Amino acid sequence: IAAMEPKVTCVLVMVFALALSSLAQGEAETCQMEPHRRVNCGHPSITSTECKRKGCCFDSNVPGVPWCFHPVAADDPLEGKPMT
């Protein structure tokens, strides 16, 4: 039984490492952010469809800021604030 312990430990470490890497890759993104924090993701006349095809967010309700913009990490404390 003692000879199996290192193998079991190795397998557990590998499973844990794979779980952590898949969590990092699956980080959620959101389009909810303060409008002045938007980072442009398209040209001025880009359509909603073109913007979303690039993996970006589209919101034309706020004048004077980019309408096609990059999403941010959902758990980013600076970017993911609810809009007021």
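Here the Cβ of each residue, glycine as well, is placed from N, Cα and C on the backbone.
Residues or ranges marked as signal peptide in TrEMBL: 1-28.
Annotation comment: TrEMBL describes 29-72 as domain 'P-type'.
As annotated by TrEMBL, disulfide bond applies to Cys31-Cys57 (among others). Under 8 Å, Cβ to Cβ, and six or more positions away along its own chain, Cys31 (disulfide bond) finds Cys57, Asp59, Phe69, Pro71.
What TrEMBL lists as disulfide bond is Cys41-Cys56 (among others). All protein chains shown were included, and the count of other CB atoms within 10 Å of the CB of Cys56 (disulfide bond) stands at 21.
Annotated disulfide bond per TrEMBL: Cys51-Cys68 (among others), in sequence order.
In this structure, the disulfide-bonded residues under consideration are Cys41, Cys51, Cys57, Cys68, and the one with the smallest number of other Cβ atoms within 10 Å of its Cβ is Cys41. Mean predicted confidence for the domain 'P-type' (29-72): the pLDDT average there is 94.
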